[in-house]
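Below: one structure, written as structure tokens.
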């Protein structure tokens, strides 16, 4: 729900192992030295290294009961999971805990959750969580986490059943309401998604991901103002997440507010240069008419991910506008190779094949200078990207011709000194235009309109 392209983060907020370990570690105070017992609890404020040392003291004492050592292993697993490269050791600790106390439901739940978070074997994660539920059928968290696994497997009906049970056991469980809302969204029921996400936010208003996910559901229903507002709230709560800016940018672009959308994509890219952010910004530049800037963004996206099918599709649309039918066809074919089910690319490919058969693979010749309708230069010999963009857009072509003709008229009537100044400003205009085209924020249409306005004022 965070954007329109495949590369995006999990829909579900992480559930801290520290929260889940609370009851598992409480018995430690009965069986260990005072200093170690105080530290080896999930509520300890000690850092991971200190916590690992304290828990190891309990684990290594063979005289301690199996249940106490298992509980300490779970706390140490949490600490290991929070250290760089500690995931493998965390899983080993939980394996040992289960070996010591196979009826510890929380251990099975934690291992299932850790396997899910690690992106490992989801079937194994589901099996562990099912074992946790078998051992403790009243564990709402286990149902919720298994629901997340089923959602990730796109087993949506089973996921919804688990969220239902989690909420039945714990009606104020905001995470379960939020994740059920996401699952309704994925199943296409946006009204139920909004209902559940709204309840999650009522229970816990400080949930930025729930806001942005509800915003995605509002967007599906065409309620773009509400979508923008929800993404804005997500940004207010957590301004460091780039996907929130990208999501708001998509809604703003759908409203035709391309400059505001581009500003959001800029911020998303400052936080994380991802290919989908470049592609989305390129789309706004394209819709705004800044074809060179759009092309630059698409190329930046493909440099980061050469297998991003959507970028090839959208660049093909751009090439079509620029009259470069051969390049458009090649991009549509690449998009289809990467994503055979892309209906837009398939339709675009058919259109390009038909146009090439009718017109050839070069831009149409009526835009040549001698046609009287196109720009002031011959599109057949155009080399610069900015000139190709002008040739591809009839309105820009008219603007270019008007600038050239007005410049020529003014040049004939001004004195020698003014003529020299006018020639210099025209050269500067063209030099800056050629150098700036394609840069983010450069609005070719506006620059050309401003130049024509100044020339018209001089002629008056």
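Start at 1 and count along the chain as shown; that gives each residue its number.
Every residue, even glycine, has its Cβ placed from backbone N, Cα and C.
If you look up TrEMBL, you'll see 140-173 (among others) marked as repeat 'TPR'. A Cβ distance under 8 Å defines the sequence-distant neighbours of the repeat 'TPR' (140-173), meaning residues of its chain 6+ beyond its ends; these are 10-12, 15, 20, 105, 109, 112-113, 116, 122, 125-126, 129-130, 132-133, 179-180, 182-184, 186-187, 203.
The repeat 'TPR' annotation in TrEMBL covers 174-207 (among others). Counting same-chain residues at least six beyond the ends of the repeat 'TPR' (174-207), those with a Cβ under 8 angstroms from any Cβ of the stretch are 1, 11-13, 15, 140, 143-144, 147-148, 151, 154, 156, 159-160, 163-164, 166-167, 213-214, 216-218, 220-221, 237.
Applying DSSP to the repeat 'TPR' (208-241) sorts its residues as follows: 27 helix, 0 strand, 7 coil. Per TrEMBL, the feature repeat 'TPR' maps to 208-241 (among others).
The annotation repeat 'TPR' is assigned in TrEMBL to 242-275 (among others).
When Cβ-Cβ distances below 8 Å are used as the criterion, the repeat 'TPR' (309-342) is approached by residues 4-5, 275-276, 278-279, 282-283, 286, 291, 294-295, 298-299, 301-302, 348-349, 351-353, 355-356, 359-364, 367, 379, 388-389, 391-393 of the same chain, each at least six residues removed from its ends. Marked as repeat 'TPR' by TrEMBL: 309-342 (among others).
Annotation comment: TrEMBL describes 1-36 as signal peptide.
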Review point. What are the DSSP helix, strand and coil residue counts for the repeat 'TPR' (140-173)?
Key: 27 helix, 0 strand, 7 coil
